[in-house]
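Listed in TrEMBL for this protein:
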- 40-125: region 'Disordered' (REGION)
- 82-97: compositional bias 'Low complexity' (COMPBIAS)
- 132-183: repeat 'RCC1' (REPEAT)
- 134-534: domain 'RCC1-like' (DOMAIN)
- 184-250: repeat 'RCC1' (REPEAT)
- 251-307: repeat 'RCC1' (REPEAT)
- 308-374: repeat 'RCC1' (REPEAT)
- 375-426: repeat 'RCC1' (REPEAT)
- 427-483: repeat 'RCC1' (REPEAT)
- 484-539: repeat 'RCC1' (REPEAT)
- 575-644: region 'Disordered' (REGION)
- 575-586: compositional bias 'Low complexity' (COMPBIAS)
- 593-602: compositional bias 'Low complexity' (COMPBIAS)
Amino acid sequence: MHLSTAGSYLFSILHFLRDTVGLGKSNSQALAGTITLPYRPAPERVGNAQLQQDSSRMAPKRRASTAVQPSEPPKSRRKTLGGSKTSGGSKASGGSKDATEKQPSKRRKVVAEEPQEEVQPVTHPSHLKVAGEMFMMGDGDCGQLGKGEDFMEAPRPTPSAIEGKQVVQVAAGGMHTVALADSGEVYTTGVNDEGALGRETAGELWETSGAAQGKPTDSYTWGRVQMPTAHGPVVQVSAGDSHTAALTNQGYVYAWGTYRDSSGVYGFTPDTKIAVLPTLVYSPVTPADRIVKIASGADHVVALTEGGQLYSWGTGQQGALGRVGPRLAEHTAKATLLQPHPVPFFKHHRGVSAKHTIVDFSCGTYGTFALTADGHVFAWGLNNYGQLALPGQEPIWTPALVKALEGRDIVGIRCGQHHTLALTKDGRLLAFGRPTYGRLGRQAANVSSDEAVPEPAPVDGLDGVKVAGMAAGLAVSGCVSEAGDAYCWGFGDSHQLGKGDDDADEVVPRRIAETKRFSNRRVLQLEFGGQHAVLLTVARDAAPAAPAAQQAKRAKKASGSAAPAALLAAPNGGAALADAPSSAGAHAEEAEQPAAGAGADATRAEDASEQPVADQNGAGSAGGEGEAEAENEAEQGVGDDNKP
């Protein structure tokens, strides 16, 4: 009898161990959806590789019936991607008393309620504690507007809310949107075919991931990402074509989704194709290694440490990582590309210190800009249209000094796919790169020509407007004034310019149309995705945004280290004041130009070029010269990455 009891007891203990620590489960089961990758530097490996152009998954499309449809559209983009909507969880049954319950004593015990700890709003130099209301513009047929499966588009600014939550930062990906609540919670909506939402939704990806719990959520509406809490709350988010990244207040970086190259899905880590749940990808070793800012391009992520060092990871095509040469881009081990490694700043330039301390940076679709403490600007990545303001049209594989911006007091940069915007200390906006669709906002530029315009020059139509922040998309641009007004220009067919039924392109900045709900709003941030835009706003009567100098002081006090004005106003690298990563769907425009070695099919190329990228406080719009140009590009493969 005693032996039997002891056996039962032992059996219970074994069950307990199995359920709590995974005893008896395979490693893949125990670690499903979670991979921990502490940073370990690895030496670069040398190899030979032919550079292939990355094809974008985000193809902006013209609305005319003759518009070319992207070939082989990802199955995930179909409306069924989000799966059938699931009903909300049933309410817990209330306290009906059990008939056999003991009678309570006549003297009731008074139990004092434990005081609830007040949740402090998360803060970051880019957004501090300012929370606001989100407005959406553009196409929403994949759920990226967060308003349900039946809400197909928003020609004008349309509210999109997360019930009971205040939002402090937004980021737009290729076909998904990310919002950071003041509580540090992360919410996502949109396409989840490659894990960009970081939460369970209906679809083949989750059914085969091994991480599904049988409780899929709706991908067409906002849903919370279950973030690990070991390293503090999230203070900043960024989004790319098929990935999302999140920075915690302790300097750790989590990410989920995947990175793509010209062949499709390249991978998320050396051992994982797609991460469906938040995964730790960077762990600081010393205080100086703590990350203070992140930004996303289409398929790469860049992070800045407290010590002023840049790290990059993702796919290496077009030179976006700044640390992998053309012969290595395709055959370098994934461990080198998909894990964080330092971006080297080796070369000594006349008048420039050989040791560079980076204070801010911005990611474009396939490129990156960095600002140093002594006021210099470096760039690397795709340069086929002069978007890096550097000589030639070949990709730049390692950081190069941008002499065209020397002495211009640049405080922020936002780079799209084929063009770039630069903000000066006195609030002037410069543009350079590809002129088509009017994305440069320069009337003298020939919008019908694909000729590169590498010389930075002022954007027209902003007389009397002091710019506080900007954004560059695939074929669109935008800016936010110190007064909180938003202006957009470029490709208008996806309604990202917020002009209502008018979908014509804009050659010069045009203020976003006001609606009854939007008329009294002041814009804090503006982000552009592949075919949509997100604005974070506050009431006009709210306290005005602090000037750049004041924001810098506040940011320094909040973070304990100096922060450039450019880093302040926008999460992701540039909301109101500067460069937020082109995080959003940075994918595509480049695809629009498949040239030799590009690898993108003609149809995708066209789509890509028309689609805008995501950026905070900077608008992105894909301009449209009309269907003829788009179709010609698609048919002829115009605009390859290595050709103007």
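Backbone N, Cα and C define each Cβ position, glycine as well.
TrEMBL does not curate its annotations; it predicts them automatically.
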Note = Here the stretch out of 132-183, 184-250, 251-307, 375-426 with the most C-beta pairs under 8 Å to the repeat 'RCC1' (484-539) is 132-183
Request  = Give the residue counts of the repeat 'RCC1' (484-539) per reduced DSSP state, in the order helix, strand, coil.
outcome  = 0 helix, 28 strand, 28 coil
Note = Averaging the pLDDT values of the repeat 'RCC1' (484-539) gives 93
Remark   = For the repeat 'RCC1' (251-307), the DSSP helix/strand/coil residue counts are 3 helix, 34 strand, 20 coil
Ask   = Counting by DSSP, what is the helix, strand and coil composition of the repeat 'RCC1' (427-483)?
value = 3 helix, 23 strand, 31 coil
Ask   = By DSSP, what is the split of the repeat 'RCC1' (375-426) into helix, strand and coil residues?
value = 3 helix, 23 strand, 26 coil
